[in-house]
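In TrEMBL this protein carries:
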type     : residues                          : note
BINDING  : Asp20, Trp21, Glu23, Asn25, Glu34 : Ca(2+) binding site
TRANSMEM : 35-56                             : transmembrane segment
TRANSMEM : 68-89                             : transmembrane segment
BINDING  : His82                             : Zn(2+) binding site
TRANSMEM : 109-126                           : transmembrane segment
TRANSMEM : 153-177                           : transmembrane segment
Amino acid sequence: MFEKKETKEPFWGDPTATLDWCEENYIVHKYIAEFINTTTNLIFVSLAIFGIYITLKYGLPFRNALGYAGIALVGIGSWCFHMTLLYEFQLLDELPIPKAPIRIRMKKLLFTAWTMFGLGFFFWNIDNIACHQLRQSRYKIGMPLSHLLELHGWWHIGTAFGTYYWIVFSSYIRVILLRKDNEYNIKWGLGFVPYVAKISKTSKKEMKLSKKVE
């Protein structure tokens, strides 16, 4: 049975942030105030690195790389905030989060992006509303499975993927507007990580042959 641990003296000092999430502080690691809320930000950074790599590999516009760098900045800021719970890092967490209007459709990417944001927002609210019940459930379940009920961490995962999908969506919309959709298409890494890739010469030949057959 998992017993509640006594929190040690905060390594980063007493929290000065205006927010302190449902995850209990300094339970897993003495240097990290909120372990799950901190480490789930690796999703932001990992997706950003992958996006920048694909941009450079296929010669996509450099502005795409800047967009992915923005995702990394969100993740790094959020990491620092949840690790320390200091007000200065709370600002670093909140200021970079982009708010972009949606004007054009590309069903699969757009739907998935908003679904991820929606799920993340749902978990974020449950984490706030049912904090006491979640903590009691985590005590009963015990580590490591109790980490699955750190719902603010799921908010990070949802917003990381949602933001990444949105940037891929925007990148391909630009490809369409420049009428280069015969040169680039959407590919999926691991079945769930989309990216804009240059169409190989063999793929172009296959496309031409299929058009002739039709």
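Backbone N, Cα and C define each Cβ position, glycine as well.
Long-range neighbours of the transmembrane segment (35-56) within the same chain, counting only residues 6 or more positions beyond its ends whose Cβ lies under 8 Å from a Cβ of the stretch, are 21, 23, 27-29, 62, 64-65, 67-72, 74-76, 78-79, 82-83, 147, 150, 152-154, 156-157, 160-161, 163-164, 167-168, 189, 193, 195-197. The CA atom of Glu34 (Ca(2+) binding site) is located 6 Å away from the CA atom of the residue listed as 'Zn(2+) binding site'. Trp21 (Ca(2+) binding site) and His82 (Zn(2+) binding site) have their C-alpha atoms 9 Å apart, to the nearest angstrom. Excluding Asp20, Trp21, Glu23, Asn25, Glu34, which define the Ca(2+) site, the same chain contributes Cys22, Glu24, Ala33, Asn37, His82, Leu85, His152 within 8 Å (Cβ to the Cβ centroid), listed in sequence order. Its Cβ taken as reference, Trp21 (Ca(2+) binding site) is surrounded by 23 other Cβ atoms within 10 Å in the chains shown.
Annotation note: Glu23 (Ca(2+) binding site) sits in a coil segment as assigned by DSSP. Long-range contacts of the transmembrane segment (68-89) within the same chain: residues 10, 12-13, 15-18, 20-21, 25, 31-34, 37-38, 41-45, 47-49, 51-52, 55, 95-98, 156, 159-160, 163-164, 167, each at least 6 residues beyond the stretch ends and with a Cβ under 8 Å from a Cβ of the stretch.
Neighbour counts of Cβ atoms within 10 Å were taken for the binding-site residues Asp20, Glu23; the minimum is at Asp20.
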